[in-house]
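Trainee: Take this structure, written in structure tokens, and hold onto it; I'll ask about it next.
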Amino acid sequence: MTSSSPGATETALGLKRRARRIGRVLAETHPDAHCELDHSNALELAVATILSAQSTDKKINEVTPTLFARYRTAADYAGADRAEMETLIRPTGFFRNKTDSLIKLGRALVERYDGRVPAKLADLVTLPGIGRKTANVILGNAFDVPGITVDTHFQRLVHRWRLTAETDPVKIEHAVGALYEKRDWTMLSHRVIFHGRRVCHARKPACGACTLAKLCPSYGTGPTDPALAAKLLKGPRARDLAVAAGVDPELVPAQAVAAEAP
Ligand code: SF4
């Protein structure tokens, strides 16, 4: 392995060390990483996560205050008026399917779990609208049970870092989980997703303004010129992200700071 091609011919130990370094750099880069879906309990998080399919967290956070005020318990969802709920969640897209999932979720919680969201993966994945990814979000953020959230950003980034070649989300979850301490899984997931939304974009990653450049085998997938890369950073901390990567924050335009992280 050469220093210019991290991950080129790597031992299992080398991979684990590089993965841990990536984890540490991400923690320094994104001290604000958190679950971006607003919620105050497990039911609200389950609902927000179901709504987040094919939508942005920002859009969900615009809709949920009214929704959560109208439906406070699983029984409220179970007995909801379909047309009224559809109107409330319409801006999130696929509102008919999502309404269906939320009403069924409410019914299942009332019938099988006494109206409470269960705190076990095996139980969560039996609920309507809740797959393994959603279940891990709920476990990690509502119950403090460590979980890895393999969403589209997480998949793209761990592939770019060559932490695993697996493509099946469950296999990715296990392969990446084995590289980190279990207690770090939830925060690692948030930080990876933050990096994917703000720096390592699907189409044009900001390689020249990325704190992981030295650890990343895919450095060069996006522009390496700091002046070009700085324009690709996104979100209110875009200038801090540039500084963390050793790039002049003046190169980050105002629209990058104002840009919504997708
Ligand atoms: S160097 Fe480029 S590809 Fe690698 S993590 Fe950073 S932005 Fe993504």
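Placed from the backbone N, Cα and C atoms, the Cβ positions cover glycine too.
Feature list, courtesy of TrEMBL:
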DOMAIN    51-198  domain 'HhH-GPD'
BINDING   Cys200, Cys207, Cys210, Cys216  [4Fe-4S] cluster binding site
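Mind mapping these onto the model and telling me what they sit next to?
Mentor: Residues in the domain 'HhH-GPD' (51-198) partition by DSSP class (helix H, G, I; strand E, B; coil) as 100 helix, 0 strand, 48 coil.
Cβ neighbours of Cys216 ([4Fe-4S] cluster binding site) (same chain, under 8 Å, six or more residues apart in sequence): Pro6, Ile22, Arg160, Trp161, Cys207, Cys210.
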Trainee: Using Cβ-Cβ distances, find the residues under 8 Å from Cys200 ([4Fe-4S] cluster binding site) that belong to the same chain and are at least 6 apart in sequence, listing them in sequence order.
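Mentor: Within the chain, Cys200 ([4Fe-4S] cluster binding site) has Cβ neighbours under 8 Å at His153, Arg156, Leu157, Arg160, Ala206, Cys210, Leu212, Gly222.
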Trainee: Around the [4Fe-4S] cluster site (Cys200, Cys207, Cys210, Cys216), what further same-chain residues have their C-beta within 8 angstroms of the site's C-beta centre?
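Mentor: The answer, listed by sequence position, is Arg160, Val199, Pro205, Ala206, Leu212, Ala213, Ser218, Tyr219, Thr221, Gly222.
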